[in-house]
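Annotated in Swiss-Prot:
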ACT_SITE  E243  active site
ACT_SITE  C277  active site
BINDING   G220, S221, A222, N223, T224, G225  NAD(+) binding site
Amino acid sequence: MTLWINGDWITGQGASRVKRNPVSGEVLWQGNDADAAQVEQACRAARAAFPRWARLSLAERQVVVERFAGLLESNKAELTAIIARETGKPRWEAATEVTAMINKIAISIKAYHVRTGEQRSEMPDGAASLRHRPHGVLAVFGPYNFPGHLPNGHIVPALLAGNTIIFKPSELTPWSGEAVMRLWQQAGLPPGVLNLVQGGRETGQALSALEDLDGLLFTGSANTGYQLHRQLSGQPEKILALEMGGNNPLIIDEVADIDAAVHLTIQSAFVTAGQRCTCARRLLLKSGAQGDAFLASLVAVSQRLTPGNWDDEPQPFIGGLISEQAAQQVVTAWQQLEAMGGRTLLAPRLLQAGTSLLTPGIIEMTGVGGVPDEEVFGPLLRVWRYDTFDEAIRMANNTRFGLFCGLVSPEREKFDQLLLEARAGIVNWNKPLTGAASTAPFGGIGASGNHRPSAWYAADYCAWPMASLESDSLTLPATLNPGLDFSDEVVR
């Protein structure tokens, strides 16, 4: 029984599904998808639970959410192993994900008060007040690269605001989704407040098509995000928050410390085996001898990166990709770039047939036309050389995406110029692209999202504002508008 609907674990009535470790092939999880009727059942449960949950005080809802944080802490080792085994990422990285989940609780509570709390301004004859109300029933679609942390970034602020939720994890990480749901169950969420439906495309389409849905919060690919946007078009009454990845540029201008710059680039491009929406996909490198030396060092260090299993000792920097198919897609993308005229500096290699262990790849595309503006979700870095900083900015902006942009340079003036001209929601200076703060908004423009940033701003799309003018008594104004006469003679 792998679905959690209205406070009960039930068996899915859809297709059967098996999840294996992407490196060892070990069977980790077996279950069945939710069919359309069970998705509707989850929605009815969430709708029925909404009035009571929304009427609780923030303090009462916060108690449950903080209890969940405590359970994350006490079950950290177990959840770390589940995430690592299911995604293929190393144990150390899965542990940082669980830590991020724990930290998200306090940050979300603070963000609720700052972004969507209550305000009151006194007036001579009363007060002006601002409150925020929950939308109602929200669907949350989770991705596979951070199956705990990223859905958590939607679920926690949505629950704090008073919404009820139907959560569909990625079909590639059902075990992690179930493990997190069981902790919410232990935290004491009332039946129907948070419901779990497992499944792939058919389950997702049934969920997003629900008429009685008040909103949908999504993290995933641009293709799926665009499909959801089209599906919900003409329904302005539903809140839609999309985070859809990027084709992110990292500009390496002047480099004082080559080793430090190489380290930053590897952290930006290859951490999580390149499976972060924030990963650098395009390296824009200044022409000249210094750039040549940097590139040679980058290739040499990257060549020594050997992916390993989640529990290997010593721990590897990267593990496997989410699946063998995902790894093969990266290899295919590299082969296509090479066929277009790209010059391979480091060829990505599948280390073992039947696994997702893929070494990083680096390919130079300077002077090659018609390169697809697509996000290759894996450890493949494309390199372009430039002559002037203005040219670098034009190249950085030459994408339909707009999530992340980074600059390595000792010159503050160039960063200031980039801040003015970059078309990206997050712009970093001498910091990895894969570094972002939960105390700041997270999101992009263009094909990277629909102007609903998450993290610190997630509270904004989890509630709507209600403004009020208030007075505890009603009296006739001392001064009336022209044409109004309330004299005793007229009244009688």
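The backbone N, Cα and C atoms fix where each Cβ goes, glycine too.
Source: prediction; values computed, not measured.
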Residue pair N223 (NAD(+) binding site), E243 (active site) - Cα distance, angstrom, rounded: 11
Rounded to the nearest Å - Cα separation of G220 (NAD(+) binding site) and C277 (active site): 8
Other same-chain residues whose Cβ falls within 8 Å of the Cβ centroid of G220, S221, A222, N223, T224, G225, the recorded NAD(+) site, in sequence order: F218, Y226, Q227, L228, M244, G245
Intrachain C-beta neighbours of S221 (NAD(+) binding site), sequence separation six or more, cut-off 8 angstroms: M244, G245, E375, F377
Cα distance (Å, whole number) from C277 (active site) to E243 (active site): 9
Cβ neighbour count (within 10 Å, all chains shown) around E243 (active site): 27
Residue with minimal Cβ packing [other Cβ atoms within 10 Å] among the recorded positions A222, C277: A222
Number of other Cβ atoms within 10 Å of the Cβ of T224 (NAD(+) binding site) across all protein chains: 18
Rounded Cα separation (Å) that holds between T224 (NAD(+) binding site) and C277 (active site): 14
Neighbourhood of G225 (NAD(+) binding site), C-beta criterion under 8 angstroms, separation at least six: F218, L242, E243, M244, G449, N450
Fewest other Cβ within 10 angstroms of its own Cβ, chosen from the binding-site residues G220, N223: N223
Cα-Cα distance linking A222 (NAD(+) binding site) and C277 (active site), given in Å to the nearest integer: 10
